[in-house]
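Asker: Below are the features I grabbed from Swiss-Prot:
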- 30-281: domain 'Protein kinase' (DOMAIN)
- Leu36, Gly37, Glu38, Gly39, Ser40, Tyr41, Gly42, Ser43, Val44, Lys59: ATP binding site (BINDING)
- Asp149: active site, proton acceptor (ACT_SITE)
- Ser265: phosphoserine (MOD_RES)
- 290-310: coiled coil (COILED)
- 305-338: region 'Disordered' (REGION)
- 313-326: compositional bias 'Acidic residues' (COMPBIAS)
- Ser320: phosphoserine (MOD_RES)
- Ser410: phosphoserine (MOD_RES)
- Ser414: phosphoserine (MOD_RES)
- Tyr433: phosphotyrosine (MOD_RES)
Amino acid sequence: METVQLRNPPRRQLKKLDEDSLTKQPEEVFDVLEKLGEGSYGSVYKAIHKETGQIVAIKQVPVESDLQEIIKEISIMQQCDSPHVVKYYGSYFKNTDLWIVMEYCGAGSVSDIIRLRNKTLTEDEIATILQSTLKGLEYLHFMRKIHRDIKAGNILLNTEGHAKLADFGVAGQLTDTMAKRNTVIGTPFWMAPEVIQEIGYNCVADIWSLGITAIEMAEGKPPYADIHPMRAIFMIPTNPPPTFRKPELWSDNFMDFVRQCLVKSPDQRATATQLLQHPFVKSAKGVSILRDLINEAMDVKLKRQEAQQREVDQDDEENSEEDELDSGTMVRAVGDDMGTVRVASTMSDEANTMIEHDDTLPSQLGTMVINAEDEEEEGTMKRRDETMQPAKPSFLEYFEQKEKENQISSFGKSVPGPLKNSADWKVPQDGDYEFLKSWTVEDLQKRLLALDPMMEQEIEEIRQKYQSKRQPILDAIEAKKRRQQNF
């Protein structure tokens, strides 16, 4: 697939989309070549910029996604200008999707490469990748930005071997009035102790995640990956810092580098600038040492794509034979225009670009592990389900469940005194109202009186939540109509 890029080098370097390009339909400016997978909030495609011939990546985000988070991601990418951070070229509104045009990194993520080759990385390879990653983090931290989701899946390599930070879906901006953040954001196994404890954190939270990523590149998965993520969340702050499973396999310099990243006290943890001076990083070799593993991974990927294409072609032939025998294979697409017909097929629409397999970790965590030799494999990008909702980490679902329980407990506190103190009072579960049969008419009337103000409060909360999601979309559409590029 990459030979297209080599045979047709860009006529000139694309730096940013101009005003004229941004007012056109995206299909007039780009040719979409193939789907790469799923990123945070949307599908990612490989495309070619018609004017320059340059390959780009386009993230297509449905507007029902959290647009505020998407705008934040765009804003952070737009402010960055570093060879170690994925570049942002511009964005479009197309029907119900937001198209974000970004730099394309042909070798994929580090975790993709590990998985495709079914091999972990050597110390030399890790040192070279860490050096570029630290330069990217040094730049971000100088700009007062925290990435908050550093892991091998978010470190991309171009075909020359240069590493770049990507996926700013949860990145944050530090301001003078908010020196530390208190929100739990990130992927559980890579999260710093202070992030989990919600005691406030700053840029060095990324350094902890980098130390975990170093272990991930060396061993194929992060520490605690074999246990339930909720257990890991409680173990990370309480246990000593993790280390290698087999320390004897690694040099003293490498182990010391990881040790300096994984200091539990953020005040004593090394910064990106300091770690760039560490002997392990200073002795890193040039990016040329990564070319062999990149070529090997790309060869594996190409062979798999060819095998998938053969399967698709074979299925097409079978479907064609069936069409000759049975015209009933042509069906109308429900909800489409009356004149639209669609070929019924057993193949998924995305079968030629994605492979599904069972991971040893829950898929919603977005983590990546080395597959067993007999497993089929997939990229770090996850296939989105039919609801097109972004995957939610299980630890966030846990906290949301706790919040729901707190809301249920507060239900009883708002009930009038006589009923609240009644021994018969109980919190209702959805669909379970059998206990009401044993109540007196007086108790039922009191309960009815208590429900009305509670319902009004819930409706108001829902209305505010709806408005908070609706307004940014309206603002963005209005801004686009005025041809003001605010991204």
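Note that Cβ sites are derived from N, Cα and C of the backbone, with glycine treated the same way.
What you see is a predicted model, and the numbers here were worked out from it, not measured in a lab.
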Asker: List the Cα distance (Å, whole number) between Leu36 (ATP binding site) and Asp149 (active site, proton acceptor).
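Answerer: Rounded to the nearest whole number, the Cα-Cα distance is 20 Å.
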Asker: Give, as a single whole number between 0 and 100, the mean pLDDT over the domain 'Protein kinase' (30-281).
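Answerer: Reported value for the domain 'Protein kinase' (30-281) is a mean pLDDT of 86.
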Asker: Work out how many Å separate Glu38 (ATP binding site) and the residue listed as 'active site, proton acceptor' at their Cα atoms, rounded off.
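Answerer: Given the Cα positions, Glu38 (ATP binding site) is 16 Å from the residue listed as 'active site, proton acceptor'.
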Asker: Counting every protein chain present, what is the number of Cβ atoms, excluding its own, within 10 Å of the Cβ of Glu38 (ATP binding site)?
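Answerer: Around the Cβ of Glu38 (ATP binding site), 22 other Cβ atoms lie within 10 Å.
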Asker: Within 10 Å of the Cβ of Ser265 (phosphoserine), how many other Cβ atoms can you find? Include all protein chains, please.
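Answerer: Its Cβ shell of radius 10 Å holds 9 other Cβ atoms.
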Asker: Taking 10 A as the limit, how many CB atoms besides its own sit near the CB of Leu36 (ATP binding site)?
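Answerer: Cβ-Cβ neighbours of Leu36 (ATP binding site) within 10 Å number 22.
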Asker: Measuring Cα to Cα, tell me the gap between Val44 (ATP binding site) and Ser265 (phosphoserine) in whole angstrom.
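Answerer: Approximately 37 Å lies between the Cα of Val44 (ATP binding site) and that of Ser265 (phosphoserine).
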Asker: Cα of the residue listed as 'active site, proton acceptor' to Cα of Gly42 (ATP binding site): how many Å, rounded?
Answerer: 17
Asker: Whole-number Å distance between the CA of Ser265 (phosphoserine) and the CA of Gly42 (ATP binding site)?
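Answerer: For Ser265 (phosphoserine) versus Gly42 (ATP binding site), the Cα atoms are 35 Å apart.
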Asker: How many other Cβ atoms are found within 10 Å of the Cβ atom of Val44 (ATP binding site), counting all protein chains shown?
Answerer: 22
Asker: For Asp149 (active site, proton acceptor), just count the other CB atoms lying within 10 A of its CB, please.
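Answerer: Here the count is 23.
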Asker: Using DSSP reduced to three states, classify Val44 (ATP binding site) as helix, strand or coil.
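Answerer: Once the DSSP labels are grouped into three classes, Val44 (ATP binding site) ends up as strand.
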Asker: Using a 10 Å radius around its CB, how many other CB atoms surround Gly42 (ATP binding site)?
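Answerer: Gly42 (ATP binding site) is surrounded by 22 other Cβ atoms within 10 Å.
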